[in-house]
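J.: The transmembrane segment annotation in TrEMBL covers 133-153, 165-187, 208-232, 244-261, 268-286, 306-330, 342-360, 412-434.
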Amino acid sequence: MGSSKAKQRRLNQKEMNIKEKLGKDNKEILVHFKDGDKPVVVNPGDVGLSYPSTMFAFKFLVSARFCAAVYSHITDCDETYNFWEPSHYLLFGQGFQTWEYAPSYALRSYTYILINIVPTWIYQQIFEPNKILLFYFHRCCLGLFCSFCEYYFYRGVCREFGIHIGRLVLLFQLFSCGMFIASCAYLPSSFSMYMTLLSVGAWFQRKYELAVFTTALSAFLSWPFAGLIGLPIALDMLVLRGKWFTFIKWSIISTIIILLPQIRIDSLYYGRLVIAPLNIVLYNIFSPHGPTLYGTEPWSFYILNMTLNFNVVFFAAFMTPLFLTLVKLFIGKSSIRPRGAIPYFLSLAPLYLWFTVLTIQPHKEERFMFPIYPLLSLHGAISVDAVQKIYYKILSLCNIVSTRIHYLRYTAPVWVLAVFFTSLFCVSRSVLLYKGYGSPVMNTYFELSQLDARFANSSFIERGEVINICMGKEWYRYPSSFFLPNDKWNVSFIKSEFRGQLPGHYLPAHLNSTSLEPPNMNDANREEPSRYVPLDECDFLIDLDTGRSTDWEPNYSNHSDEWTIVLSSPYLDNQRTSQYYRLFYIPYIFETHATFLSYNLLQSKSFTLKTQPQYQTM
């Protein structure tokens, strides 16, 4: 018995040494197991396995995330009004304030905002760039941090599942449309996605302390419900490995390091004792209003959404248990995982647990699935690998290949086709989002800086010194006050067919308005008429010309006696465009067969500007 245990310890130590080498340089070995649990070291080149070095992997990730930072657009008004606007207020003393930041509700954490804007504040203090550059610098910082997290996750996957699956995860992540949207979004759900990458990556590398700490970061600092993803990690630590002391110790340490300073900072900003994570849980679970005020969706919402964002990978991810079962049935002993590996029922659990719980909730948002986006890539990669093994088994049964040759050498077409079609559809979808929806909106707000430069030599504006930009039905596409050239520009709302509550403005910064109760706020999404200004106070108007007109949403572009079109950009009409042309971008087909609306920047004809003459100097 003692000899058997000693032998097993030697095998486990050999396995750990192999995996330690893999974690350090990721370029020497491939490990698979046969004849029980005996590790067999294989040169990856001998089985036709090519893959990037860790440094190249990181460079690829950074390149992809910087592209997302520049070309992806804000897809959720919650990102603008709950995160970009408070950040703008803390940096410049102006911005919109939602009811969630009212001291009487205090659902959002200023600590989260402050941590995020530190690099942006430093950049502002050193270089004093314009606000648009600050906006994109902030997004690039988010993309860079996401790349670090993905790189760490990639290492963990390689160590737990092997280089081949790690390589597939990397490729799926690089081109995923879902990651294109989520990686640089300034949202708690994106931060929770970063923490998923770190916590699960640490779990796969048996760094349980970091796994607990990053799970706590996700739950306390960004989104309390994201702690659900850490439940399988806790079960592994407590039930399978008996690491009670480590779990309790790091839970206490995490609470002291994260939650206590957060309570202190948030309480200072709100002017009273505030535990923001607790408040958001109480509101969503026990409030008589709850999140359903903001819309409900059918059970199929997430399936349709993630099909667009991940296509082949999404379906493969939810067939992983089936494929693994088939591998176990038809391949048998050689498919058994080594001792010490995390059981599949735990390592695969976070994805299915999160998806199930969120799907049964009536209120659904695309961003709610962000935390599990990397896990979709992992599950998809495991499925592709399982299909390769099954395909290899079929070939060997037909005596087409030798059973002495590694399965990866003969099954490359399987993973190549999976990566090719997934990448093709994802890139096509990302391009369509940019050309159809993102570009026209962002170009419109870029134009404001051009107008400001044109007005730079202005000496007098008829209605005061502030230029008023108005939005009606387009309020939810506003990318944030970072696109206003300076404090001479102001954004206001005019009445539209929308009957919910719009955000108000923060009071002037010198009044410490974060701790003052703003007027006319409610948690029932009840319309507040005080948010609107009369149309005749608008110098500029941003509006989407749909060709339709109602009492509160007239077709302003047709009122040529009142408005002049300054800029018009084609905006994809998803109602009148066939789904064959509005789901994925196909060059030439998209431009010729899709139907477009006009996204317009209008100037009031009553807006007059007197300018000083410019003189050339000799």
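Each Cβ is built from the backbone N, Cα and C atoms, and glycine gets one as well.
Set these features in their place in the structure for me.
T.: For the transmembrane segment (133-153), the list of distant contacts is 54, 57-58, 61-62, 64-66, 68-70, 84, 87, 91, 116-117, 119-120, 123-124, 169, 173, 183-186, 190, 193-195, 197-198, 200-202, 374, 479-480, 482-483: same-chain residues at least six beyond its ends, Cβ to Cβ under 8 Å.
Below 8 angstroms of C-beta separation, residues 109, 111-112, 115, 188-189, 191-192, 195-196, 198-200, 202, 243, 246-247, 250-251, 253-255, 257-259, 262, 277-278, 280-281, 284, 346-347, 349-350, 353-354, 357, 371-372 of the same chain, each at least six residues beyond the ends of the transmembrane segment (208-232), sit close to that stretch.
Cβ atoms under 8 Å from those of the transmembrane segment (244-261) belong to residues 111, 208-209, 212-213, 216-217, 220-221, 234, 237-238, 275, 277 of the same chain, restricted to positions at least 6 beyond its ends.
Tertiary neighbourhood of the transmembrane segment (412-434): same-chain residues 48, 71-73, 75, 164, 168, 171-172, 174-178, 180-181, 308-313, 316, 380, 384-385, 387-388, 391, 572, 582-586, 590, selected by CB-CB distance under 8 Å and a gap of 6+ residues from either end.
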J.: For the transmembrane segment (268-286), give me same-chain residues lying six or more residues beyond its boundaries with a C-beta closer than 8 angstroms to one of its C-beta atoms, as numbers and ranges.
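T.: Distant contacts of the transmembrane segment (268-286): 103, 105-111, 219-220, 224-225, 259, 262, 512, 514-516, 523.
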